[in-house]
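This report refers to the structure that appears directly beneath it.
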């Protein structure tokens with residue numbers, strides 16, 4: 001059906017160029033979010049020493065992860081603010097503001113004084129900046145996670161979901177690994193603790209500027225443009241418009257979001273304990289040279305990206321729920337043992353192979369999860385609903401590295417602690433996968449209903 005509302009049709013077929021730019025922009029926007037995550041995790045041991053010094057290395061690590069968890073807690077606020085803005089004023093405008101905010105705040109970390117320079121003020125300033133950054137990162141999710149899937153044809157949505165969710169994560173990790181490699185080569189040994197870690201944060205501004213240039217070619221979502229035309233027509237007719245957040249928190253949509261949190265919370269926990277924890281595992285447990293660790297992580301990030309696109313495309317054929325259940329079973333069987341196997345091996349190629357499997361399984365649910373969330377909400381509240389579902393769940397899941405570091409009494413207990421947590425999280429994810437409904441095709445159903453309103 002091709003119903004035109006106010007001169008704008010949500011069924012207008014976008015050009016190939018606009019499809020490519022929309023997918024690339026959304027992917028790059030999410031990559032910048034994950035770049036922020038990986039930069040902090042790559043330099044966690046150094047940051048712990050400089051900003052949260054302690055006689056116990058695991059306590060310093062826990063403090064760094066706690067500062068990251070604080071950022072995660074601010075992301076839902078960012079999604080509420082920017083998601084509502086994106087639903088009312090457009091996905092593109094919200095994404096441009098949020099991405100620039102992430103880049104500037106990331107770069108500012110490179111300018112911060114350490115404990116040796118300003119004492120107790122150093123960790124306070126560090127945490128405050130993490131709070132500010134969390135708001136912008138939440139805004140990136142609310143905008144980038146909707147405009148990409150809304151701007152492509154139905155048969156591409158699964159693959160594009162994988163490209164944005166898993167591919168963006170892979171690209172973010174790949175960029176961070178490359179920056180880590182360059183910084184380690186330019187500032188080897190003790191110099192890395194002086195300038196190397198700062199250089200990595202400065203790179204955040206450059207990546208955001210590149211993203212801002214890419215976004216200038218981005219067209220607004222056809223779904224949102226049609227929704228805006230309907231909103232304008234209703235306003236002219238004298239109808240009162242509710243805010244996106246008030247609609248989202250009404251009982252029907254509130255229940256949808258609560259069910260979503262089962263998958264987003266366990267997906268986030270699995271990802272952060274796999275790909276997210278891997279840099280620290282290489283440094284603290286395996287004592288790998290920075291160049292070796294960054295090379296493994298770059299290869300892992302690249303192959304994980306390809307796997308995510310393939311898994312997303314598969315969900316378009318067999319359904320989101322089927323992929324959730326299949327990946328959930330594999331996660332439950334394999335994730336708990338992989339860290340233990342990685343601890344025992346001394347072969348770098350074998351370690352790299354285990355890391356690849358760990359990363360692919362840890363991020364496998366990213367691919368269908370993004371489009372699944374989009375398919376759960378109507379256009380009028382899609383950015384708010386998707387952003388909050390994602391960020392509240394990942395705020396819960398993102399606390400897991402901190403919890404694991406606290407539960408492990410010393411470094412030697414980290415692998416076993418990780419295994420137990422991954423077992424419980426994988427079981428909960430599988431339970432959630434069995435509960436949620438199938439959503440494949442819901443975006444088209446919503447489009448037809450909305451065009452008839």
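The backbone N, Cα and C atoms fix where each Cβ goes, and this holds for glycine too.
Under the heading transmembrane segment, TrEMBL lists 19-43 (among others). Sequence-distant contacts of the transmembrane segment (19-43) (same chain, six or more residues past either end, CB-CB distance under 8 Å): 64, 68, 95, 98-99, 102-103, 106, 133, 137, 140-141, 143-145, 147-149, 151-153, 156, 160, 163-165, 167-169, 171-173, 175-177, 179-180, 196-197, 200-201, 203-204, 207-208, 210-211, 214-215, 217-219, 221, 276-277, 279-280, 294.
Under the heading domain 'Major facilitator superfamily (MFS) profile', TrEMBL lists 22-444. On the 0 to 100 pLDDT scale, the domain 'Major facilitator superfamily (MFS) profile' (22-444) averages 87 in the predicted structure.
Through the fold, the transmembrane segment (63-85) approaches residues 37, 40-41, 44, 47-48, 51-52, 54, 93-94, 97-98, 123, 126-127, 130-143, 243-245, 383-388, 390-392, 394-395, 398-399, 401-402, 405 of its own chain, all at least 6 residues removed from its boundaries and within a Cβ separation under 8 Å. The feature transmembrane segment is assigned by TrEMBL to 63-85 (among others).
For 97-114 (among others), the entry in TrEMBL reads transmembrane segment.
The transmembrane segment annotation in TrEMBL covers 120-142 (among others). Below 8 angstroms of C-beta separation, residues 29-30, 32-33, 36, 47, 50-52, 63, 67-68, 70-83, 85-86, 94-95, 97-99, 101-102, 105-106, 108-109, 112-114, 383-384, 386-388, 390-391 of the same chain, each at least six residues beyond the ends of the transmembrane segment (120-142), sit close to that stretch.
Residues or ranges marked as transmembrane segment by TrEMBL: 163-183 (among others). If one looks beyond the transmembrane segment (163-183) by at least 6 residues along the same chain, the residues whose Cβ comes under 8 Å of a Cβ in the stretch are 23, 26-39, 42, 144-145, 148-149, 192, 196-197, 199-200, 203, 207, 271, 275, 290-291, 293-295, 297-298, 300-309, 311-312, 363-364, 366-367, 369-370.
Under the heading transmembrane segment, TrEMBL lists 195-215 (among others). Same-chain neighbours of the transmembrane segment (195-215): 21, 24-25, 28-29, 31-32, 35-36, 39, 42-43, 46-47, 50, 92, 95-96, 99-100, 102-111, 175-176, 179-180, 182-184, 186-187, counting only residues six or more beyond its ends whose CB sits under 8 Å from a CB of the stretch.
Annotation source TrEMBL lists transmembrane segment at 256-273 (among others).
Feature annotation from TrEMBL assigns transmembrane segment to 293-315 (among others).
Marked as transmembrane segment by TrEMBL: 322-342 (among others).
Long-range Cβ contacts of the transmembrane segment (348-373) within its own chain (Cβ-Cβ under 8 Å, at least 6 residues beyond either end) map to 145, 149, 157-158, 160-162, 164-166, 169-170, 260, 263-264, 267, 270-271, 273-275, 278, 286, 288, 292, 296-297, 299-301, 303-304, 307-309, 311-312, 315, 320, 323-324, 327-328, 330-331, 334-335, 338-339, 341-342, 385-386, 389-390, 429, 436, 439, 443. Per TrEMBL, transmembrane segment is recorded for 348-373 (among others).
The transmembrane segment annotation in TrEMBL covers 385-408 (among others).
Marked as transmembrane segment by TrEMBL: 420-437 (among others).
A contact links the transmembrane segment (322-342) to the transmembrane segment (293-315), because at least 3 Cβ pairs that are 6 or more residues apart lie under 8 A. Tertiary neighbourhood of the transmembrane segment (385-408): same-chain residues 58, 61-62, 65-66, 68-69, 72-73, 75-76, 78-80, 82-83, 86, 138-139, 141-143, 145-146, 248, 253, 256-257, 260-261, 263-273, 276-277, 280, 369-370, 373-374, 376-377, 414, 416-418, 421, 425, selected by CB-CB distance under 8 Å and a gap of 6+ residues from either end.
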